[in-house]
Amino acid sequence: MFYPDQFDVIIIGGGHAGTEAAMAAARMGRQTLLLTHNIDTLGQMSCNPAIGGIGKGHLVKEIDALGGLMAKATDLAGIQFRILNASKGPAVRATRAQADRVLYRLAVRTALENQPNLMIFQQPVEDLIVENDRVVGAVTQMGLKFRAKAVVLTVGTFLDGKIHIGLENYSGGRAGDPPSISLSQRLRELPLRVNRLKTGTPPRIDARTIDFSQLTPQLGDTPIPVFSFLGNAEQHPEQMACHITYTNEKTHEVIRNNLDRSPMYAGIIEGIGPRYCPSIEDKVMRFADRNSHQIFLEPEGLTSNEIYPNGISTSLPFDVQMQIVRSMKGLENARIIRPGYAIEYDFFDPRDLKPTLESKYIQGLFFAGQINGTTGYEEAAAQGLLAGLNAGRFANEEDGWSPRRDEAYLGVLVDDLSTLGTKEPYRMFTSRAEYRLMLREDNADLRLTETGRKLGLVDDIRWAHFSQKVEQIEKERQRLRDIWVHPHSENVSEINALLKAPLSKEANGEELLRRPEIDYRLLTSLTSFGPALTDPQSADQVEIQVKYEGYITRQQEEIEKQLRNENTLLPVDLDYQQVSGLSNEVIAKLNDHKPSSIGQASRISGITPAAISILLVWLKKQGLLRRSA
């Protein structure tokens, strides 16, 4: 052909999932094609101008630890950085950044265009080429056929997307973009379960029409945090403040008086919306006892006058949106630049996926992002990286890889989706992870970078930085273990000055650091224990590892017990009707979910410990009891 049409991996869609998938496959050396309906919207932040948050920031750090793009792009585009839960334990601390939309998109596009093995082509995809239950390519709107060994679908909200503003609606993938109708129809012909979900976005406000003098500013942290393990604060652009306002009784009255004009309450929208990011009309009705709700006014960029009012996502008519906005303090004369809206779209049941995000029914077809029922840039990007990695491995006839629940929030995310499925847009929280003390933001690289290197995702620069950090931490911990003081040491007085009670017996540096009144900075400021590490990441890691060592050891013991079940594999084609002793309900659920391991089966709602015992005995009798390495 006069144009390249043979690839290892094709990625369909250029949002947060698609861009990470494309970068991952290409980093592994696979010839990769990224098909997008518009090159100018690669990495577009379709909703809020922010990255990270509780649970979400953990995913971003994991993406970064595996060589991904999101954290690096955020460091180049972030205009305000904060550590959430900074006063709490390290397991729930999370980084969040406001991002300049234009700079973020530029950072993503620049990375894609400079990635070897990756070709970008602008054309909507209308069909998949499927032969003998295996995907072998894609067909674009103009009839171009591209063939590949694996295909990754990362189409966001575009599949048969329908936008709602009041009682009016029209087809669209998001505001200003067409939907993907033909591809939606094609996917519905495949043996995959499909349903509808809904999400929404608030109106955007002209900053020049806001009276900021009436509002409370919210500043970023000092010193300014960074997202990437390779990042530094010097990469950040100019920093900006957010501002806070509140809804009030007048706001709520406007909403209650116009519920008959809401497509949700009028029954026009059938898709279920996100529980943890509800529309303002939902909040007012669900929390009727609340007199006000906090609204964050977030700048969309350094060169933009648009403000994103985080907390008033709505699909009410435009005139009602104007009343809502102008009912709030500081916004009395505000002007809306873009109306808020809700969007309904197709998603496919993630229980039809393997933990690698490959379809159980169409070989070589991978799904990532909102098509799997998730919500959020971070959740999409994490899935994209995993799907791109596994598409690359599939194309090279290698076994797939997926992290366990005790290894990564990405493991929790994929296990929740592929085991339990979802009936509403799924978002990540730290509370979803049972081993969250092990899954901290600060140790994402220690958990995943070595694996990423083996998988071909981590380049030489990141590997050298990581190796140096590991060596620093190990040497510093050994140094502290080797320094001893006793009650009659020459410098004991400066140590006693920091302690609640004078030193009564000999102790080394690590034992002193375990005391609640001592932190690493204080300890290394003492003559006997200095100098401190200059790298703040390594210094933090030393303190956390020492102070939480007992808790971490106990959690590791719990994990090792659970791994026995996780590593006990179940045959993919097992018909559970054959297993005598299981109830009809358990048989139906196991046949429906098709779990890949005993551990996964045990997390399905309604699968009892007794059922697991019966299953284990049956597997042993049949000679099918196998454990993964």
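All positions are counted from 1 along the displayed chain.
The backbone N, Cα and C atoms fix where each Cβ goes, glycine too.
The FAD binding site annotation in Swiss-Prot covers G13, G14, G15, H16, A17, G18, V125, S180, Q370, and the record cites sequence analysis as its basis. DSSP classifies A17 (FAD binding site) as helix under the three-state reduction. Listed in sequence order, the residues of the same chain lying 6 or more apart from A17 (FAD binding site) and placing their CB within less than 8 Å of its CB are T154, G156, A368, G369, Q370, A380, A381, Q383, G384, A387.
As annotated by Swiss-Prot, NAD(+) binding site applies to 273-287. Sequence-distant contacts (6 or more apart, same chain, Cβ under 8 Å) of R275 (NAD(+) binding site) comprise E424, P425.
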Least surrounded among the binding-site residues, given as G13, G15, G273, when other CB atoms within 10 Å are counted: G273
Cα-Cα distance maximum in Å, computed over every pair in G13, G14, G15, H16, A17, G18, V125, S180, Q370 that the record assigns to FAD: 18
Close in space, distant in sequence - K283 (NAD(+) binding site), Cβ under 8 Å, 6 or more apart: R290, H293, G311
Distance from F287 (NAD(+) binding site) back to G13 (FAD binding site), taken between C-alpha atoms, in Å: 37
Whole-number Å value for how far G15 (FAD binding site) lies from M285 (NAD(+) binding site) (Cα to Cα): 33
Three-class DSSP secondary structure - V125 (FAD binding site): strand
C-beta crowding around E281 (NAD(+) binding site), within 10 angstroms: 25
Rounded inter-Cα distance in Å - S279 (NAD(+) binding site), G15 (FAD binding site): 23
Between G15 (FAD binding site) and G273 (NAD(+) binding site): CA-CA distance (Å): 20
